[in-house]
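Asker: Below is the structure I would like to discuss, written out as structure tokens.
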Amino acid sequence: MASAGSAVASLWTEVNRCGQNGDYTRALKALTKILQDNREDVTALHCKIVCLVQNGSFKEALNVMNTHSKVLGSEVVFEKAYCEYRLNRVESSLKTIEGAAEQTDKLKELYGQVLYRLERYDECKSVYTDLIRNSQDEYEEERKTNLGAVVAAMSQWEKAQMDSLGLPESTYELCYNAACSLIGQGQLTEALNKLRQAEELCRVSLAEDSDVTEEDIESELAVIHSQMAYIMQLQGRTDEALQLYNQVIKLKPSDVGLLAVTANNIITINKDQNVFDSKKKVKLTNAEGVEYKLAKKQLQAIDFNKALLAMYTNQAEQCRKLSSSLQSQNPRHPLPVLIQVAQLSREKQHSRAVELLQQFSDQNPDKASGIKLTMAQLYLVQGHVTKACDVLRSIEEFKHKSGMVSALVTMYSHEEDIDSAIDVFKQAIEHYQSEQPGSAAHLALVREAANFKLKYGRKKEAISDLEQLWKQNTNDVHTLAQLISAYSLVDTDKAKALSRHLPSADTMSFNVDVDELENSHGATYVRKKAAKVVGENLPKEQSHGEIKKKRKKKKGKLPKNYDPKAAPDPERWLPMRERSYYRGKKKGKKKEQIGKGTQGATAGATAELDASKTASSPPTSPRPGSAAGSSTAAAGGVVPPRQQKPAASGATRKKAPQKKKKGGKGGW
């Protein structure tokens, strides 16, 4: 028995030594031997679970805890919750923590991590604030970093306006989180400067470690560079952003979440261009474990972009499948419906697209504004202008905006529905009369309504608007002039009465220095008129005869054969070939063509030797006194010029182009 006890003691010594050295695999072997003698040894079981966790064997550790749950009890609550958290069973981990009898500091630390993963940022912020306030140890900096990450997430994903918590920016992690908070607040330039500061801090801190290589530093900087590129993309500097994104991709960082976000942002820059590159990048967004590394908003954006990419690559069925899945996951989000509508529009199914939009609008009236704008656009594509106007007027949020009023009036004018256009003005003016009477927007609408009515001859209706404007500002001469002009066509007495309010000619004159105006930069090319000089003020040495006379115009020259008695040709302004009496030039005799026959033969000899021209005449007898066969034109002695043979049946021949003759009618 003594020897057995000493053996167990030596095994515990081995476990202790291995634990200090970090050799958890060897410690497990010793613990296995200890548990062979006593399977219910709580300390040995606890040590075994810790060793398994340190080796990353979370499933095996959880199995040990579940198997010996009665023996272990609440001794391993933290280890169980941690294993569940690392196995991405976040909800189970939360239940384990909340069911613990005592909330220790390490359980609170884990609780904060679990809440962050569940995106319960407000509760998470409270946990970390309490931990920082009530604990003093070497992990304070890590807690502040985590609190900074929570604040950044609330700023980015929840658009919450956060008060300054006074967190330091002494490390690159804290500086990076501060930059992310600035991005959420829209302060992009300040965020970019903060990221550059974080990059410098990272290089300095990692350069102090001799074991860290340049590649390790670049890998650690990848997340900072990717965030820099995101800011540049938001600022419209897409070329610089794309360059940084590609640098991050080439580094192949181990963080699958970082790779997925970077690849997604490259796809958004490519849009419907460079589709082959986008199809390669989308594979990085499908890596294993991405869903545990990113927030729901990030995953949602990636899924939306996948559906859009399927549409751009003409994968209609894939696009419909992805957008339908997104709609089932996010039934109140308008983007999946808009993607489906875009795909239907590409397929020219406009009626079906309008039905989908109308259905979503009826089910989600609070999110119907953008949907109805798209519906109106589809109606316009189909040429249904009146239907588009009806949809736009049903958007309560925008119906009285100046841009919407302008669009509606333009469309109604196109349809020649002037009454409806005036009704749009009337409703908008009534709205501003009750909400913002006398405001700049209100008066601008009244003026535009009056101008519109005057343009379309609605003088009586325009008068009331002009009177309203003039009462607001009786010194407005322009409005008064318009009002008098309108009354002059309806009520002349009223127009005369109003004319008394017009300013006098003296008050309307302006003190303008004409010389200064003509010498100004804008009047460089204005020709000055010479001032009239009175005779008695002329210098003595200059007389009227010496004043330069205007240059006389020269008379035009007449044709040589001009006869003043004869009537001019009425067709003299037409080109010669278009005149009625033009008959064209007579063709001259054909000139003798030299070198157009058999080599060495002249044109005259060719005519004499052409058998086709002498076939009908009888052969001439030889002259007296000459020997038979002594003539150089004996039959068969000279070969006649070859005639062109007709083309074979069905063949085509191109006509050779003829030279264009001067004065002729024809061309080629």
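Using N, Cα and C of the backbone, Cβ positions are placed for all residues, glycine too.
Got these off TrEMBL a minute ago, pasting:
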{"type": "REPEAT", "residues": "222-255", "note": "repeat 'TPR'"}
{"type": "DOMAIN", "residues": "527-584", "note": "domain 'Signal recognition particle SRP72 subunit RNA-binding'"}
{"type": "REGION", "residues": "535-668", "note": "region 'Disordered'"}
{"type": "COMPBIAS", "residues": "547-558", "note": "compositional bias 'Basic residues'"}
{"type": "COMPBIAS", "residues": "560-581", "note": "compositional bias 'Basic and acidic residues'"}
{"type": "COMPBIAS", "residues": "595-637", "note": "compositional bias 'Low complexity'"}
{"type": "COMPBIAS", "residues": "652-668", "note": "compositional bias 'Basic residues'"}
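So that I understand the layout, could you describe where these features sit and how close they are to other parts?
Answerer: Across the repeat 'TPR' (222-255), DSSP helix (H, G, I), strand (E, B) and coil residues number 27 helix, 0 strand, 7 coil.
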Asker: Using a Cβ cut-off of under 8 Å, list the residues of the same chain at least 6 residues beyond the repeat 'TPR' (222-255) that approach it.
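Answerer: Apart from its flanks, the repeat 'TPR' (222-255) reaches 172, 176, 179-180, 183, 188, 191-192, 195-196, 198-199, 202, 261-263, 265-266, 268-269, 281, 284, 293.
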Asker: For a three-state summary based on DSSP, what are the helix, strand and coil counts in the compositional bias 'Basic and acidic residues' (560-581)?
Answerer: 3 helix, 0 strand, 19 coil
